[in-house]
């Protein structure tokens, strides 16, 4: 055994390594050296500054935070489990290598914020939005409490941190949802801040440590199999703190965005289409039934944005939206006629089962499918003037064989999202799909076609228990 490696492991473990520990951990010596040489006094100072700036309401003394930090950096001395040692080394390495650049930088002097004059007060749109939502408010409220509704008391503090994070890291992190609309219209209320970024895992691990060192409480990262590249941070009561989708840099580049107060938000035009698409998901309609007023102000703001940005006239005149579609129950495929618009495809096959789409793309021997990850929740392939794509939401039926207009419109919105992401033609169909929302009669739901069931195990990162499962 190499004496230098043995000495490093001995100093790190606080004891002489066993033969098994030596051979299992010798590949980690560089990381271990990085951990041991890490200046913990400077790190403790950064944590204190983060606490003072973002978590000032939480009662924890500097000595308590120092103790939490030093205890964690000696945690490897209290276990002989190789699996736990690997987890500790991996998490400590992430912490010492990335914390300063990811969260520590938030305490330094901020760059000048160029205030935005983009503000929308959608008075004229509120009545239109209210009438639209009244028409599609057709779901029966269930008693089930969704995880996103069970929020932690830490959300307010994390939101304060996230506002600064979004400004400092606006090349790699973008927001959408209620907070992004709040930036357009301050009368909108928001809960947690919805984000997409190119380094979600690193960010959430660092945030988990920051919360642990300040509060002394454990937080857990959870990766769910049915959402691509998604991780959620939960507190020790299993309440939601924040979640984040990870996207590739090329996907981030493709997302249409606007800059407000040094923060990039997903272009509200794209968010409007996403909202229309999500109304096909039955639990989102249940949210609408619980609180229509909350959705009204959001929709009104989005409608006002597209009215001003694209000059859309709201008169209810439309001839081709939702685009004509039919549903094959056995194959779970929707066929959409897109021929009346200036698209590069005349027809679209919309699959409700992602594996079936992947199989058919393979059979087509086509290798130019485009994957926009969670931005669209689907790949897109155009082959022989036919688009192939996947729809991840439930499908509502208005009769045994007829797709409910809410879902037909949601599928049409999904197709228009592709047009925007690929810089295709979308203004005329955008005007049509928005006007198709107006002057409608409420149609009850006849049945619900369930969405694709994803299989797989949850991934967990538990700092307290030294567990990392991918």
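For all residues, glycine too, the Cβ spot is worked out from N, Cα and C.
The Cβ of residue 192 (active site) has 23 neighbouring Cβ atoms from other residues within 10 Å, across all protein chains displayed. Annotation note: residue 192 (active site) sits in a coil segment as assigned by DSSP. Per Swiss-Prot, active site is recorded for 192 (among others), and the stated evidence type is similarity to another entry.
Same-chain residues at least 6 positions away in sequence with a Cβ under 8 Å from that of residue 194 (active site) are, in sequence order, 175, 176, 177, 178, 179, 180, 243. Annotation source Swiss-Prot lists active site at 194 (among others).
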